[in-house]
Amino acid sequence: MVMADREMHDDTVLDEETGGKRRYGDREDEVDLHRPRRNHDGDEEAQLLGDGDPDQLELGELLPVTDAGRRQQQPRALAAGGLGLARSRAARPRLLSFLYGPAVPKAYTIRPILPAVQASPVRLLDKVLPKRWQKLMVLVLGVVLWTAVFSSLLRRGKGAVTDAAGKTVVHMDCVDTFWRRNNECGLNGVDCEPFTNETITFRCPANCAGVRVLNPRHVGRAQVNYQPLVVGGPVYRGDSFICGAAIHAGIIDDATGGCGSVSLVGQYYSFYSSERNGIESIGFDSYFPLSFRFTKAECGESPSAGRDPRRVLLAVSLFSTVLFSVLTTSPSVFFFINFISIFAHVALVSDPPNVSGPSDTILPSLISTFAGRLLPSLFCAAIIYQTCAKPTLSNLAPSVQLEKTILWLGGFWFGALSNYTLDWIPLSRLTAHDLAQQPGARAALAVIIIILALIISLQTYHFWCAGLVPRYLGCYLLLVLFLLVMAVLPGLELRIHHYILALFLLPLSSIQTRPSMLYQGILLGLLVNGVARWGFDSILQTHSALQGDALLDSIIPVTYPPAIYLDNPGSPPSQPWAISFMWAPPPPPANQSSSSSSLDGISVLINDVERYRGFYNDYHLTGEKMEFSWTRDSKADIAMTTPEYFRFAYVTKEGKALDYSEAGTWFANGTYSQGEGYWK
């Protein structure tokens, strides 16, 4: 008996400070199980001890201890480890030791404001539904209810609708037109027929008034950029945005979209500029072969059918995510349900991909695209949660519920709705071409870089205090090296999409402070907005893919002063007037830029319609005389009152036009001007 007592005494050690017993062989993380807890008064923003696994918390589950009990001092074992860390630091070089931060790193936690008020929703839920299975049932029912309401409203706004005659309504996107840019409609517009005698009942989404062209478009003598492409009114030129023109005409409302009827009326001239319903249309003082006008029309049986429900759906999604946020304490459930809900809202409602066609095909197309982008996004979300969101959201007390909702969830929504919240920033794409041509883009980028530098500096300081700089510094050095390698690959250009920028910066938010919660929410929103709208676009793109419909900076044909043939200047002529152009041969291949490597022919636009396309290998261009003639019907009233605008461009063998020249004007009185100083 005496020996047994001695053996038991040898197997245990009495903690002199706490009176707790520790058995030999216990792990360090089990020491507290044998030692009574010590409570400390006073809350600190930065604490030295984290808590248990946050994923054990379920919907509405309250913590077993008070907030003061959560902020306990670390065990003596950690203090001893800190002493050993201090000894090891002394052996390192001074710079490396500095990067590891203070000898005793900080573990950040949030000190709640009005903790009783913030914890009241969870406590109320815990009183009403004390069982875990009850809370789980409420969670499932809430998700099902949100899905049912969301689907019903979405189907009303983007589902199949018919007009009064029973025909399927055509869904238009904000950038749809009847006429395409440059020579894409073919010679004399043959690929964009019919020009007249056709009526279409259409449906437009909301928020089309702010949609602008992002690269120059020709309208007579002018080049239009960074404004809505709406020409004329109430009769509109054929290349106008249909939905923007319908808003300008008052047929549909910009806030809700809706249905209308558009009729093609063929050739029209003198399109007057006017400002109506928040859109200033563009004037054009000549003729165009295709034009259209609107009449009011309804879709379906009720006046509200066919209207875009995005505002109502935003209210539904906001309410459901906010309610869910204040009632759950599990970071994993909180993160993934909000991620999926907001991703669905962006992909299907607030910023869906461009889709056009019969209305019965629109919703299936959107759902197909959404499903294809959601699965890889969830894989990224799982990694982001483990590496970034879990450290930020872990061990949050119920007394931080409202702050979590305002900062993290509010930031998430702000970033996800960036097509509204950040649309005022004059910055479309981070390319040298766009930065050069968009007014205010360079200044806006400079301000953004300064703000990001300040935020990154503050976040780096917090990481230094937490002793996390070496761990993340190595990752970012590898990332910078990767980007440098990508930037020098031949034939490709580095493209930093905003979803990629969000992925790069998210690790800097993986610390539990109020600014980190806000930054992490905004970055996640930008990630969701980019992927749900555009997909995982490549970080490397070819020059042509990156350029899109922008100017090519190509060689422009050099024309000589035209020859003008008038029957009797100063009096009404009896024969048609004619103007004839000749141009210099193209430069040799050695003097051509890469964008002009294939100069196979000439294209001529008259009033922004291709009226001539000739190739050098054709029989009529093989001689020394390279000439294009255009006649004007002098007997028509239009010939005596309107000018005509001429542009010239080289074309490739496929018929694609390169950059067109500035417009030359053949005035109604028969004189011609290519612009001051052109032939000097």
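Cβ atoms here come from the backbone N, Cα and C positions, even for glycine.
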Please find, within the list 405-422, 495-512, 549-566, the residue stretch that TrEMBL describes as transmembrane segment.
405-422
Quickly jot the same-chain residues contacting the transmembrane segment (405-422) by Cβ under 8 Å, restricted to those at least six beyond its ends, or write none.
207, 318, 321-322, 325-326, 338, 342, 345-346, 350-351, 392-393, 498, 502, 514, 517-529, 533
Are there residues at least 6 beyond the ends of the transmembrane segment (311-327) whose Cβ is under 8 Å from a Cβ of it, and what are they?
59-60, 121-122, 125, 142, 146, 149-150, 153-154, 157, 206, 255-256, 334, 337-338, 341-342, 345, 349-350, 401-402, 404-405, 409, 413
Cβ under 8 Å, sequence separation of at least 6 from the ends of the transmembrane segment (443-464): give me the contacting residues as numbers and ranges.
99, 101, 108, 425-427, 430, 435, 472, 505, 508-509, 511, 513, 515-516, 519
To what whole number does the mean pLDDT across the domain 'LCCL' (171-282) round?
94
Mind checking how the domain 'LCCL' (171-282) divides into helix, strand and coil residues in DSSP?
14 helix, 39 strand, 59 coil
